[in-house]
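Student: Here it is: the structure, laid out below.
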Amino acid sequence: MERGPVVGAGLGARARIRTLLGCLVKVLLWVASALLYFGSEQAARLLGSPCLRRLYHAWLAAVVIFGPLLQFHVNPRTIFASHGNFFNIKFVNSAWGWTCTFLGGFVLLVVFLATRRVAVTARHLSRLVVGAAVWRGAGRAFLLIEDLTGSCFEPLPQGLLLHELPDRRSRLAAGHQWRGYTVSSHTFLLTFCCLLMAEEAAVFAKYLAHGLPAGAPLRLVFLLNVLLLGLWNFLLLCTVIYFHQYTHKVVGAAVGTFAWYLTYGSWYHQPWSPGSPGHGLFTHPSRKHN
């Protein structure tokens, strides 16, 4: 006979719990939205500063030139000292794939939302095609340098026996070793990706200043690119500390910087190029973004 009031009380309690959970979810979503808005605004302002962008080049140079000195002050047994560590396998070895995926999504959204023109969007995305060509071309050039400067060695109990055999592929298949000048492809790629991402992401500050659509998806994609840029900086530091010879790292970073200069610093400012980041997107005077 008393089940009616008990059941009613139970239903009322569950309803209150659902209401509280609904309110909690709304609060969490509001906090997440506020953090997303604030974080994207601050990151855009930071990356869009011309002064800080110039300092960023100096930062990368300092990392490559002076970073190897830290090898005397760090634990040589840390996980980052192993070639087989998770970050080296999953991120560094596929750095261009990660960069192209994240940055491609960002460029696609920014350009299309700003212009609503497929042709302009495709033109800006072609910078990533050029970047892929630079990456592939540099990799082949590094292998050619190693072939031209190398010699074949056969491991023996007493040491190494030098062979006057120029065919590197057949010598490696026979179990011999090929030693030549090896430009650090990881240092090259991470340096190039850092400079490229910093250049592309800097456009977001001007995008916001012009009051263009900047919803949560775009802001999230932008912040993911910022996080990836931070990861590349960290992994570049790990690379110069733990791996490769000093000159190999410096040359790799120098080639990456030179590749950035030839493209973003020179060619992309010409009319017969893919265009520099932000070119042709902002045709109206900027206004404060609310």
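From the backbone N, Cα and C atoms, a Cβ is placed for every residue, glycine too.
Not measured: the values here are computed from a predicted model.
From Swiss-Prot, for reference:
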type	residues	note
ACT_SITE	His186	active site
ACT_SITE	His244	active site
SITE	His248	site 'Important for catalytic activity'
TOPO_DOM	1-18	topological domain 'Lumenal'
TOPO_DOM	40-54	topological domain 'Cytoplasmic'
TOPO_DOM	76-94	topological domain 'Lumenal'
TOPO_DOM	116-141	topological domain 'Cytoplasmic'
TOPO_DOM	163-187	topological domain 'Lumenal'
TOPO_DOM	209-220	topological domain 'Cytoplasmic'
TOPO_DOM	242-249	topological domain 'Lumenal'
TOPO_DOM	271-290	topological domain 'Cytoplasmic'
TRANSMEM	19-39	transmembrane segment
TRANSMEM	55-75	transmembrane segment
TRANSMEM	95-115	transmembrane segment
TRANSMEM	142-162	transmembrane segment
TRANSMEM	188-208	transmembrane segment
TRANSMEM	221-241	transmembrane segment
TRANSMEM	250-270	transmembrane segment
Student: Near the topological domain 'Cytoplasmic' (40-54), which same-chain residues lie under 8 Å Cβ to Cβ, leaving out any that are not at least 6 residues past its ends?
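Tutor: Same-chain contacts beyond the ends: 198-199, 201-208, 214, 219, 222-223, 226.
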Student: What is the number of residues in the topological domain 'Lumenal' (242-249) that are helix, strand and coil, as DSSP sees it?
Tutor: 5 helix, 0 strand, 3 coil
Student: Can you count the other CB atoms that lie within 10 A of the CB of His186 (active site)?
Tutor: 21
Student: What same-chain residues lie close to the topological domain 'Cytoplasmic' (116-141): Cβ under 8 Å, and 6 or more beyond its ends?
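Tutor: Residues 96, 99-100, 103-104, 107-108, 185, 188-189, 192, 196, 200, 255-256, 259, 263, 268, 274-275, 277, 279-281 contact the topological domain 'Cytoplasmic' (116-141) from elsewhere in the chain.
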Student: With DSSP as the yardstick, break the topological domain 'Cytoplasmic' (209-220) down into helix, strand and coil residue counts.
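Tutor: Counting residues by DSSP class gives 6 helix, 0 strand, 6 coil.
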Student: Please list, in sequence order, the residues in the chain of His248 (site 'Important for catalytic activity') that are at least six apart in sequence and whose C-beta is under 8 Å away from its C-beta.
Tutor: Tyr181, Thr182, Val183, Ser184, Thr187
Student: Mean pLDDT, the topological domain 'Lumenal' (76-94)?
Tutor: 79
Student: What's the CA to CA span in angstrom from His186 (active site) over to His244 (active site)?
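Tutor: One finds 9 Å between the Cα atoms of these residues.
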Student: Helix, strand or coil: which one is His186 (active site) in, per DSSP?
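Tutor: Its secondary structure by DSSP: helix.
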Student: Non-local Cβ contacts of His244 (active site) (under 8 Å, 6 or more apart, same chain)?
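Tutor: The list for His244 (active site) reads Thr182, Ser184, His186, Thr187, Gly252, given in order along the sequence.
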